[in-house]
Amino acid sequence: MPLSYPHFRKLLLLDDEAGPLEEELPRLADEGLNRRVAEDLNLQLPNVSIPWTHKVGNFTGLYSSTVPAFNPNWLTPSFPDIHLHQDMISKCEQFVGPLTKNELRRLKLVMPARFYPKHTKYFLLEKGIKPYYPDQAVNHYFQTRHYLHTLWKAGILYKRETTRSASFCGSQYSWEQELQHGSTSLNDKKGHGTESFCAQSTGLLARPSAGSAIQSKFQQSRLGLQHKQGQLANGKQGRSGRLRSRVHTPTRWPAGVEPSGTGCFNNLASRSASCFHQSAVREEANPSLSTSKRHTSSGHAVELNSLPPSSVGSQGKGTVFSCWWLQFRNTEPCSDYCLSHIINLLEDWGPCYEHGEHHIRTPRTPARVTGGVFLVDKNPHNTTESRLVVDFSQFSRGTTQVSWPKFAVPNLQSLTNLLSSNLSWLSLDVSAAFYHLPLHPAAMPHLLVGSSGLPRYVARLSSTSRIHDHQHGTMQNLHSSCSRNLYVSLLLLFQTLGRKLHLYSHPIILGFRKIPMGVGLSPFLLAQFTSAICSVVRRAFPHCLAFSYMDDLVLGAKSVQHLESLYTAVTNFLLSVGIHLNTAKTKRWGYNLHFMGYVIGSWGTLPQDHIVHKIKDCFRKVPVNRPIDWKVCQSIVGLLGFAAPFTQCGYPALMPLYACITAKQAFVFSPTYKAFLCKQYMNLYPVARQRPGLCQVFADATPTGWGLAIGHQRMRGTFVAPLPIHTAELLAACFARSRSGAILIGTDNSVVLSRKYTSFPWLLGCAANWILRGTSFVYVPSALNPADEPSRGRLGLYRPLLRLPFQPTTGRTSLYADSPSVPSHLPDRVHFASPLHVAWRPP
């Protein structure tokens, strides 16, 4: 007969009718009983042929393909002019006085941040924008390209101009070395020569459609300038096959010519006369061409002609355009859906390329990307705006893996000890928090994103319209991209983007100027930065509380009026150092703070309502007596694990699920086990703040017996059979709690001190979690433990009670602790203010 739920509750001692604890509790440690209960509840599932369930509610498991939803009406979020002031440290010192070593160390980490991995893989530009939405490829391309352009305009990205220079918008930092008079001087000994930088150059193309013929004729690679064929010439490829294996994509493409999939180099002898003809036509039409000289590494000086931006797009009909987009203007439409119909909608499509306000030196940056990008909804509650996802996963796996620094995440008890109080609370919203922290330009070559341009992107997605080297630039190849889908997509995009369609159709390479979200270093840096800022605020206003985790920043004060004045002062301080706050999203919580998924009040901590609703919904949909895929179990455990500390039996109740996930087996919920879990999560108990106190109750055990010291009283007992020492120590602690009711118990066992009961026999772990709920433990060495003698059966010998004070810990979360306004004179060997010694004490 299967075990019913009432019997199971009684077995776990969750009912008041249970017998003496000293007799009942050791029984739960029996392996045979645990095995029989597991079999009754079907917790050890044999391999069965019943098909697994791969979906429970919103949780999906193995073999499930979730099709991402693309929103063609996504809005690109706007980014404020984010510029963290370089003199932030001096401004903080004006605000609060000399900074502590902890604060200085953290602020220096991000001014600027550095990221130099040992190995970096570079990918072709075609992988710059991921084909995440195959049915909406063109829409996704332009929306992503618009997002990248917005980030560049906001000063968050660098734009690669040449191999060793980049441009950006916004305010400049001192570590960003400006190019002197438009030239980058490189070391000739290394074979680089001197590279003359012209304002119209770009990461891939030296100039749009109206560039000079000389520039079209020569193509630069790492081997110097290579001669190139004319736009419509039919010469041979020359040495392209031999060079391609080494160079892949040239450092700079000729003016306006879209690079093909592999690049194309040509022999000096195979150049066409059409280049010289174009040169003559353009020089007649544009007398304002400016000329600059380029010295190559091979010693040749080549004149490069560059145009003022105003002359772009205003060429005569006789000109042969080398810009893929503008070439359609001079061709006959191939069909009703020819792209030439769209190109002829405007006379002036604007420049092929834009350049930033500042041009700086960079380390050698190849014409490649190191990560792909795609768009998703901003969050589950905001599907109108998009969010850019950057995939730099190469730094988290394989040979290019980087070991990220670890940092403190406040656990539930530390958070409760720190924030559970009778203060009034509000939370601040930092706009684009990650994009506040500047990166050193030397990190740019490792964090490259970009796009290959529309023709190559479309060609990659369409097998019928691939651009081949031998037909590159021919009219037949030009119209091979024309299709109804592309035509309709571009026509719709033209209504929103207008002439930016032309700009976005060109290739671009961008490097991060601020820390990106897709790299494991970024959360660490953000946590260090916000903790240092909160430390400064705490010391400036010692009667208040400022706390942060990542970009969540909360302020607490004793009254609402006090909180409002604090809010004004802190907001002004944050704005003065360049931190942008979204004041519209400031939330005032009253006395119950909502933070990190918890509600924290003077009574303790509970999970937020939306998490409780999710749990109820999960239990409604969990099937009984059906094997559930272990991947689905992972999602269920993730949800239930968050709220486990608020239940009677805690994490031990979930151990059968953990075991099935570890074994990668399916799990079957029996009616009794599901009812047990359901009841556990329907009644949640708050986690209370620990109080300081003096330990008066001690417990100790040997494999055969237990002993207690409660004040001046001593007790002892024996076990029916010898038990493992950790199990015996846990039983002794449970007896001490049940007999004395004390919430402060001294023990010499580290496993009991850790309060993790998942390694004990399952039934014992569940029962002990409920008995010891809310109990704090203090470590006492065995030699000084007053319960040591009773546990060995000797009651006659009395050891005096220790004066053992307990101080609640806030872990390593108290980095913003009360600190002296000037550094104290510590011994020379102490180089930092330990957070353990300067911990903030709750009011």
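Cβ from N, Cα, C; glycine included.
Here Swiss-Prot flags 1-177 as region 'Terminal protein domain (TP)', drawing on sequence analysis.
What Swiss-Prot lists as region 'Spacer' is 178-346.
Among the features that Swiss-Prot reports, domain 'Reverse transcriptase' is placed at 357-600, with the record citing sequence analysis. When pLDDT values are averaged over the domain 'Reverse transcriptase' (357-600), the model yields 86.
Under the heading Mg(2+) binding site, Swiss-Prot lists Asp429, Asp551, Asp552. Around Asp551 (Mg(2+) binding site), the C-beta neighbours below 8 angstroms that are at least 6 residues distant in the chain are Val430, Ala433, Phe434, Leu526, Thr530.
Secondary structure at Asp551 (Mg(2+) binding site), taken from DSSP and collapsed to helix, strand or coil, is coil. DSSP classifies Asp429 (Mg(2+) binding site) as strand under the three-state reduction.
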